[in-house]
Structures are given as structure tokens and as C-alpha cells.
Amino acid sequence: MIKKAIAKVVERIDLTEAEMIEVMDQIMSGGATPAQIAAFITALRMKGETVEEITGAARVMRDRATPIRVGKGVLDIDRDDINIDQETILDVVGTGGDGTNTFNISTTVSFVVASCGVKVAKHGNRAVSSACGSADVLESLGVNLDVTPETVEQAIAKIGIGFLFAPALHGAMKHAIGPRKEIGIRTIFNILGPLTNPAGADCQVLGVYREELVEPLARVLHKLGCRRGFVVHGMDGMDEITLTRETRIAEVTRDGVSVRTITPEEFGFASCPAGELRGGDAAGNARIVRGILEGATGPRRDVVLLNAAFGLVAAGKAVDPAEGVRIAAEAIDSGRALAKLEELITLTNE
């Protein structure tokens, strides 16, 4: 199938979702050669990936991931018949690769939101193009990443947050690692990670590195069965909701997708220079994260509150972002958010 797919894509012919599923199955089962994989993902990038192609690829990655079971079973958001007895699971994640070198905003947000009673399955990896990925900062904070899937499940069930370390749960990705490194360009795999949470997160705040990805990835989430979510891109380049400029945001509901532009001032925050949100290496970012959770004020806290607010709306814990900001601020000021970090450190090191 992959030979036929390459021939179509080089002629700028889009694949159907079913065709993409067949190709990705071949890639992730080891049935395609490195040369075929490299040719295919390069041609796909040059053509431009469609919503159907991304959706098909995401379905295969989800199916082949090691599942993280939450509640009574695996919450699979590819299915139409989602078990309504399952608890809401939220992921706050970005594609990375935005080049802005901010501190780990979504990781900090995850602890704030989890301390508000939302089950959080934080999906992430080590840094690829940035100085510090979510796995790097968590490790520096003292979280043990070398844990079993059962420990991750226990963390989500017991304390309300677990870290899903992508390399440990997406073993079938090994077949694409070599070709991806050797061609050295962004491909479909750069955007698939945030779409393939192994815990089947049914609510999501997804940051993307390019404005043009906002609406397409929102439509992918909708096709995959996302109950409520936001796909965001700061117009300063951030794969987060930013304080420096406007943010382009697509809201995903069961009814469809709507896109708009927001400003920090709408939610009571002053804009700030980009330098106020920058981070550093893992140790430096760990100090920033802990400082925010301990109550440090300023633009870094504000950007966490704003992003957490949309996470709380996605998870149904706030009716709107304004209420979400108030709830998130109280979670930090009460010490609950910091306590959530300490609980995860303790549980993963037992």
C-alpha cells in the first residue's frame, strides 16, 4: 500500500482516511522500509496533510499505543459509544517546536487543573527542539519517569494526575524514528503526538506551533470524538495561549468547531514582553514551576492562570474562562496545586 500511497501523494492527490490507516498500519508494524517511510512523510509534508489523513494516522497511533486504563476501562475517544460512566480525562499538551523557549507552561497548568478536581493524563516527551520538554522538567522536579503503566494508572486514579511518557507508551513509533531523524524536517509525526493520548483523554487543550494548524487539528479532534477542547496558537509563535499578543483559538464541542481570536486583556491580564515568559534548562524551569505553584506572582503566573482557565472550561469545571481564572488562582493560593506536585513525586518514587 505504501508504494501506491507515495505515487498518489507525489502527484498531490489526497488520501482518504481509510487509505491513511492502511499506510500507517504498514509503517507502524514494520512493513515499510526506511526509504519508503522517508519518501512518504516528505511527500505528504510537501502536499500538505489533510484533516482526513491526520485523523487516520492518529487512529492507528492510538490503537497501537500501550493503553492507560482509567476508571472502569479504557476510555477510547475514537468510538461513538463513549462510556458516560467514565470520568472526564483532560490533557494539556503542545506540539512543541515553536522556537519561543518559554518555561513549561502546560506542565505547570496540569498541576493547577488537577488540584481543582480534574483527572489529568499529561502526555509528553523530552525536549526535541527546545531546551526543556515536559519530561525533562518533571524529572528535575523529582518525578520518576521510569514507572510502569500500572503506576501511571494508579497516579491518575489516586491523586488525579499522571505523566504519560510518550516513548514508553508508543513502542510502534520505533519504525519511524530513523527516517524522521535523517530527513530532519517537520512531518506529520510532529503533530500526531498530542492527538494520541494513551489514556484516551476526552477533553483537551492543544497548543500548536503554526496558526495554520489551529482549525485543521480542531477538526481532527472533533472527528476523533473529543467532548470539549481548545486548539490554540499564540500569535507570537507560542504553542500556548500567550500574554504577549493575541491568541488564535478553535473551540471543539460535540456540535463542531468555532474559531476566534482572544486577547489577554479580555480576561483581566496585562500583556507582557516575550522575555517575561522565557525559561531555560530543566533545572531552571523546575525552579520556575515550583515558584509559581508556591505563589510567585507576575506574568508567568498569569499565563498559567489563563491557560488553566481554558483547561477547566474544557473539563467542565468552569462555565467560562473568567470563572476558570478565579478557580485556578484559588488552587494555587490555597497550596493545593503545589500539594498535587508533591503527591506525584511521592507516588512515583514509592
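A Cβ is built for glycine as well, from the same backbone N, Cα and C atoms used for every other residue.
Listed features, source Swiss-Prot:
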- G94, 97-98, T102, 104-107, 122-130, S134: 5-phospho-alpha-D-ribose 1-diphosphate binding site (BINDING)
- G94, N125: anthranilate 1 binding site (BINDING)
- S106, E240: Mg(2+) 1 binding site (BINDING)
- R180: anthranilate 2 binding site (BINDING)
- D239, E240: Mg(2+) 2 binding site (BINDING)
D239 (Mg(2+) 2 binding site), Cβ-centred 10 Å count of other Cβ atoms over all protein chains shown, is 27
Over all shown protein chains, what is the count of other CB atoms within 10 A of the CB belonging to E240 (Mg(2+) 1 binding site)? 27
Would you please pick out, from the binding-site residues T102, S106, N125, the one with the fewest other Cβ atoms within 10 Å of its Cβ? N125
Within 10 angstroms of the C-beta of H123 (5-phospho-alpha-D-ribose 1-diphosphate binding site), what count of other C-beta atoms is obtained when all protein chains are considered? 29
Secondary structure at S106 (5-phospho-alpha-D-ribose 1-diphosphate binding site) (DSSP, helix/strand/coil)? helix
Counting distance between Cα atoms, which of the binding-site residues H123, R126, R180 is nearest E240 (Mg(2+) 1 binding site)? H123
